[in-house]
Amino acid sequence: MSKVLTSLPVGQRVGIAFSGGLDTSVAVAWMRDKGAIPCTYTADIGQYDEPDVSGVPARAREYGAEIARVVDCRAQLVEEGLAALACGAFHIRSGGRIYFNTTPLGRAVTGTILVRAMHEDGVDIWGDGSTFKGNDIERFYRYGLLANPQLRIYKPWLDPDFVHELGGRTEMSQWLTSHGLPYRDSQEKAYSTDANIWGATHEAKTLEHLDTSLEVVTPIMGVRFWDPAVDIATEDVTVAFEQGRPVALNGRRFDDPVELVEEANAIGGRHGLGMSDQIENRIIEAKSRGVYEAPGMALLWLTYERLMNAIHNEDTLANYQISGRRLGRLLYEGRWLDPQALMLRESIQRWVASVVTGEVTVRLRRGEDYTIVRTEGPALSYHPEKLSMERTSNSAFGPTDRIGQLTMRNLDIADSRAMLEMYAGQPLDQGQVLVENGTLFGELPSGGFDQITENPEVQAEPEEEALDAAAMEAGTD
């Protein structure tokens with residue numbers, strides 16, 4: 001049975017995730033005018049595009065909201081963001097830059113916390129401003145139902161009556177004026193913006209065209225680092241981590257993680273750090289483009305990743321990257337709280353993040369131009385004396401040890417050579433073109449692989465005696 005209502009539930013309370021912009025303002029007024037009982041819920045997620053969240057409920061009541069609440073979600077959002085940071089839950093990379101999934105993080109928090117707040121008020125119908133072409137409609141749908149299985153969804157933008165009457169911004173503003181209602185006549189931008197404490201998203205309109213650069217965007221969390229007229233002073237920043245969590249910046253310890261993130265944003269923002277231009281695959285597998293800001297997350301990530309690489313071995317890091325990428329896609333799809341995501345999160349935080357303790361100092365200049373100055377911690381597996389090119393008194397191994405290690409490699413090198421010879425003997429259209437003409441080997445005469453593992457000292461022995469000599473005296477292996 002569908003949970004989506006396609007017509008206005010007259011006489012019933014309808015919760016609206018209310019931003020105070022034109023779209024949600026007219027939606028509240030229109031629903032009240034048509035006989036529904038709108039109730040507005042505004043999430044305080046530290047958004048940088050709304051300087052006065054506390055004043056939003058008063059505006060909502062002007063448009064007819066029976067209940068108008070601000071719900072502080074900053075602490076929960078910061079915690080989820082720190083979990084994503086620890087897990088490397090970032091799967092989108094374009095032009096050499098990472099997208100830190102800041103919008104999906106915000107949706108995971110608002111989609112659950114707001115629905116819980118509505119349910120406390122006896123509101124079990126929810127609407128928001130997401131369109132049918134985007135990701136948010138599915139993210140909110142999933143999180144909403146997980147938080148309240150009784151929830152039904154009503155979105156004015158999926159209601160033919162609403163769309164027919166108020167299909168565009170001009171019609172919306174005219175409708176409010178004709179009904180004697182105010183609205184914020186903000187200047188029309190060349191793109192749309194959505195923000196929270198972790199980052200800002202700029203998309204749509206002119207940014208849909210790939211011949212329009214990132215530089216048309218006016219940053220709201222940072223500076224125009226590409227503009228030579230903007231003066232940016234070089235700055236050294238030290239970030240301290242304990243068990244995978246950032247705890248201090250420049251020696252100042254933060255008891256409140258929200259304050260730490262705000263300070264990280266301020267530091268990274270004044271250098272233009274963490275701004276990226278991404279082409280991504282939406283949940284429905286259609287490609288879209290967004291310009292993102294995440295100065296604090298970028299600062300925390302580059303220092304966390306540096307420390308992690310100094311601690312964990314190659315296979316752990318490889319598993320971390322694979323699992324983190326998968327987790328990032330789950331987060332993007334609105335599955336951050338699903339069992340498959342929780343399994344990955346718990347594993348990564350337990351076995352990788354829990355030992356990431358230490359400090360990294362980075363010298364920030366403009367944008368992504370920075371230098372790592374110092375890395376230290378109590379559990380680093382980086383020990384320069386083990387591989388020093390200078391003479392050391394406590395070297396971990398010597399020349400003879402390395403000769404033995406190289407000799408053991410003969411086994412798999414011989415196997416690889418045998419396979420290459422086999423491929424080279426295949427018809428041209430199967431193997432020879434690739435192996436002989438597509439690599440550096442040239443011709444590969446058969447039989448070379450046997451020479452790799454030959455032992456001159458046992459060449460005179462019969463085959464059976466040689467096998468006996470190589471066998472274990474007891475047991476099997």
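Every residue number used here counts from 1 along the chain in the order it is shown.
Cβ atoms here come from the backbone N, Cα and C positions, even for glycine.
According to Swiss-Prot, the features are:
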- A17, F18, S19, G20, G21, L22, D23, T24, S25, A43, G129, T131, D136, D194: ATP binding site (BINDING)
- Y99, N135, R139, S192, T201, E203, E280: L-citrulline binding site (BINDING)
- T131, N135, D136: L-aspartate binding site (BINDING)
- 450-477: region 'Disordered' (REGION)
- 468-477: compositional bias 'Low complexity' (COMPBIAS)
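The highest number of surrounding Cβ atoms within 10 Å, among the binding-site residues S19, S25, T131, S192, T201, is found at S25. When the alpha carbons of S19 (ATP binding site) and S192 (L-citrulline binding site) are compared, the span between them is 13 angstrom.
Cβ atoms within 8 Å of the centroid of the Cβ atoms of T131, N135, D136 (the L-aspartate site) belong to the same-chain residues S130, F132, K133, G134, I137, E138, R139, site residues excluded. The Cα of R139 (L-citrulline binding site) lies closest to that of A17, out of the binding-site residues A17, D23, S25. Spatially close to A17 (ATP binding site) yet at least six residues away along the chain are T24, T40, Y41, T42, A43, T110, L114, W126, G127, D128, G129, F140, judged by Cβ distances under 8 angstroms. The shortest Cα-Cα distance between Y99 (L-citrulline binding site) and any of the binding-site residues G21, D23, S25, T131 is the one to T131.
According to DSSP, A17 (ATP binding site) sits within a strand segment.
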